[in-house]
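K.L.:
Here it is, the structure, as structure tokens.
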Amino acid sequence: MASPAIRLTQYSHGAGCGCKISPKVLDKILHTEQQKFFDPRLLVGNETRDDAAVYDIGNGVGIISTTDFFMPIVDDPFDFGRIAATNAISDVYAMGGKPIMAIAILGWPIDKLAPEIAQQVIEGGRYVCQQAGISLAGGHSIDAPEPIFGLAVTGIVSTEQVKKNSAAKPGCKLFLTKPLGIGILTTAEKKSKLRPEHRGLATETMCQLNKPGADFAHIPGVTAMTDVTGFGLLGHLSEICQGSGVQAILHYSAIPRLPAVEDYIAEGCVPGGTGRNFDSYGHLIGNMSDLQRQLLCDPQTSGGLLLAVLPDAEADVQAIAAQHGMTLSPIGELTSADSRRALIEIVV
């Protein structure tokens with residue numbers, strides 16, 4: 001008799017980027033009274049919660065360094081590896097860079113899950129690294145109470161083309177390269193409420209590499225770029241606005257979303273990270289309905305790129321998007337700071 005299929009999500013208390021520590025708590029953890037070491041060649045550190053660190057090694061070249069790991073968001077081990085690797089590599093693309101190598105991070109409950117299952121996870125990560133044109137060059141593993149997998153990724157970028165999350169300008173249009181709703185659909189699957197026609201949609205979305213980011217880097221009018229992950233669209237947009245000294249207007253109806261997300265929200269398929277995100281960022285946001293809040297605060301795992309684009313660069317952005325098989329439409333715009341308004345306002 002065949003043994004039942006392993007459900008990895010049963011072995012962890014969190015899922016994907018929804019495992020992230022809330023921004024409020026993270027601020028307390030990272031607080032320090034120590035004087036910060038100053039290195040003029042460190043172009044991007046953690047001051048603005050950017051996607052990766054960037055270090056100037058001379059001759060116009062910057063090294064990008066980032067790491068990302070989490071607990072299973074899907075049951076299939078190979079897919080878990082694919083998703084975790086795609087998510088980790090995304091931070092390099094979000095800085096406008098090109099990945100050059102990765103090393104693996106693995107935590108595994110060896111008394112609960114067979115090593116052959118961990119091997120499938122690693123194979124999923126290796127597969128995505130090959131898609132990105134890089135080697136999975138090594139790694140580190142520990143015996144852990146819950147399965148954890150991710151990568152530490154190294155990339156390169158022109159120091160003139162680094163895309164920070166803190167350089168956006170008033171007048172920029174906002175573009176999002178992947179639909180929202182990943183946390184909602186994966187929660188629906190975990191609750192056995194996902195309809196047959198929607199199976200696999202979230203997984204394939206999470207496994208799409210954000211390669212266009214390396215091409216968007218060549219456009220000066222792309223003033224800021226980040227990837228939308230565990231803090232949701234509102235969280236990551238808030239960081240752009242706060243870091244850049246601007247405010248935003250979001251057009252809710254223009255925001256791409258996965259099929260039937262509103263229906264699943266109505267059925268209670270809302271991940272726990274949604275509430276944590278709102279607790280951290282809700283005071284910065286204007287009026288919105290419960291439905292809007294639950295979608296816009298939905299924690300994304302391996303979500304899309306969020307771009308701030310000056311009007312004269314929109315055609316170039318659309319051209320690159322088309323080369324990658326995407327059609328983009330603006331989801332909002334950035335405005336000058338005005339203390340009479342919320343940091344982000346939601347309109348229909």
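Yeah, the Cβs are placed from backbone N, Cα and C, and that goes for glycine too.
Pasting the feature list from Swiss-Prot:
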ACT_SITE  Cys17  active site
BINDING   Lys20, Thr48, Arg49, Asp50, Asp68, Asp91, Gly139, His140, Ser141  ATP binding site
BINDING   Asp51, Asp91, Asp227  Mg(2+) binding site
SITE      Lys20  site 'Important for catalytic activity'
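What does the local environment look like for each feature on the list?
P.N.:
Look at Ser141 (ATP binding site): DSSP puts it in a strand.
Around Asp91 (Mg(2+) binding site), a 10 Å sphere centred on its CB holds 27 further CB atoms from the protein chains shown.
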K.L.:
Cβ within 8 Å of the Mg(2+) site centroid (Asp51, Asp91, Asp227 excluded): which residues?
P.N.:
Asp50, Ala52, Thr66, Ser90, Val92, Tyr93, Ala94, Met95, Asn210, Thr226, Thr229
K.L.:
In sequence order, what residues of the same chain, 6+ apart, have a Cβ less than 8 Å from the Cβ of Arg49 (ATP binding site)?
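P.N.:
Looking at Cβ-Cβ distances below 8 Å from Arg49 (ATP binding site), excluding near sequence neighbours, one finds Asn165, Glu239, Gly243.
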K.L.:
Check the DSSP secondary structure of Asp51 (Mg(2+) binding site), expressed as helix, strand or coil.
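P.N.:
In the DSSP reduction, Asp51 (Mg(2+) binding site) maps to coil.
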K.L.:
If you measure Asp68 (ATP binding site) to Asp91 (Mg(2+) binding site) at Cα, how many Å is it?
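P.N.:
About 9 Å separate the Cα atoms of these two residues.
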